[in-house]
Amino acid sequence: MTKRPFLGWFASPSILIAFGIAASFLAIVQYSFRANIPGALDPGGFTLENFTTLWKAIYGDAFLNTVLLCLWTAVFTLLIGYPLAYAMVRARSVRLRSAILLISLTPLFLGEIVRTYSWMIVLGNRGFLNAALMQMGLIDRPIPFMFTMTGVVIALVHFTLPIVVVMLAAGLSHIDRNLERAATSLGAGRVRVFLTVTLPLSIPGIVAATSTAFAWTFSAFATPQMIGGGQVQTISTLVYQVGFASFNFPLAASLSLTGLLFTVAVLAIFNTGIRRLERIGGH
Amino acid sequence: MRKSLLDHLLDWAGRIVLIAILAFVLLPFVVVAIASFNDGAILSFPPREWSWRWYANAFQYRDFGAGLTNSLKIAVFGATIALIAGAGFAYVLDRYEFRFKNTLNGILMSPLIIPNFTIGLGLLILSAAASLPRNLWLVVATHVVIVMPFVVRSVYVSLQNFERRFEQAAESLGGSPWHVLRTITLPLLAPGLASGGLFAAILSFNEFTASLFVVNQSTQTLPVAMYNYVREYADPTLAAVSVIYVLAVAVILLIVHKFFRLEKVLNVE
């Protein structure tokens, strides 16, 4: 009998899939260094032109927009997600906890299209929000939410919220409640216990949630595409446009590759942060 | 201990904040439900007249039916392949040491950080370079790549909490590895496998961005068909589709919650 039964059988399918992933990554790298031949599917010879093209203003703007969207979305998602995660983990009644859990997590399983379309109906000039504000007499002209950064951020916060709540709740549920009880028994009020015990202990969860929020916002496509309507270009919408409107796949590949390197760099910084925090928290 | 005035204020502030946040989460779904019954093709709030006509329209529109069929096929094939490959990998990841284990793990988990539009673009370019047809299997392969990390994680967590003693008892009684796997390991892992597979199917059914890159007219999924509809028509048909979509997902989640408890599936207990 072998010491490791099934190793070959169990590992082979995943090895095959790993080769597929590696090959498609190499395909992007390879295309990003090839010249584009308009009208032809196959790319031309070796060139660095794709990367020099990326220095043009529209690509720089898309990078800037993407970074700003990631930043604002992370800030607002954390502000809204933290109380929600806190209530979910700490609610005393099982029913309330289940209700919060189902309401806040169902959107996670709804996909980007349904959610973005729903926000288009809320945010449009004839949409729910403007109609409500006008009927209340607060405004006399619709506020433009569609095709603006504000509108995209609102929808992106809603899109990112469930996964951030999951990460924050996981962090909060692992906090030792005895530490809070100790602080209370020593005379600290609720606000002080939260600020000096609970909040610091949940920082690793906050950092993890922020990095996930960043990755989600960065890869969001339908939201900036549909709510931004071409006025708010991000890396994702530009990759699609360059690929499917201009059929310049080498340029789309180099844009994707640059975006990916940027994501990996940002996530690496977050990871270092998490490791440092764990070292402080663990000992 | 009596509650102070500050404690009461905090309790009330907490409740109001919680209700406001939950209202924000639910708002778009409530609004889309109202819009779906708006009789006119142009939206107005509140609707002047109500009707079911957009629901009828949603069922008659061919692309939605074809998209739903494609999406279900892709979800079933994709989740099954991802479950078989992912469970196998989780098993060897948990039990064995072998060469390139970390490399393999890194590549298979990389779709968690690679944006879906990059995955879609990569597989599109790869299929073009390898002269593969852009058929349904290309979409299935794309979905397998995207959902597999979630299956691996789900099964791996189950394996970590696994009682090895039952397997050891069966082995010491002379059971062959295959027999132990079939009668002990697989039945004990069944809940983890089921939730991993279901999770994969739901994710695949919802996937939009990567699909948009690899589908063509005949293989478009339901989310892609919905996206194309918004680009062409402004009427509330998609609101009706969205309502059906939300209700279907909510019912599935309620059932899952009843059997598996979502807290456990998502590890937030």
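Backbone N, Cα and C define each Cβ position, glycine as well.
Per TrEMBL, the features are:
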| type | residues | note |
| --- | --- | --- |
| DOMAIN | B:68-256 | domain 'ABC transmembrane type-1' |
| TRANSMEM | B:12-37 | transmembrane segment |
| TRANSMEM | B:74-93 | transmembrane segment |
| TRANSMEM | B:105-130 | transmembrane segment |
| TRANSMEM | B:136-159 | transmembrane segment |
| TRANSMEM | B:180-205 | transmembrane segment |
| TRANSMEM | B:237-256 | transmembrane segment |
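Contact between the transmembrane segment (B:74-93) and the transmembrane segment (B:237-256) is not supported: fewer than 3 Cβ pairs lie under 8 Å, counting only residues 6 or more apart in sequence. Listed stretches B:12-37, B:105-130, B:136-159, B:237-256 were compared with the transmembrane segment (B:180-205); the greatest number of C-beta pairs under 8 angstroms is found for B:136-159.
A contact between the transmembrane segment (B:136-159) and the transmembrane segment (B:105-130) is present, since 3 or more of their C-beta pairs, 6 or more residues apart, lie under 8 Å. Sequence-distant contacts of the transmembrane segment (B:237-256) (same chain, six or more residues past either end, CB-CB distance under 8 Å): 29, 32-33, 35-36, 38, 54-55, 57-58, 61, 64, 195, 198, 202, 226, 229-230, 262, 265.
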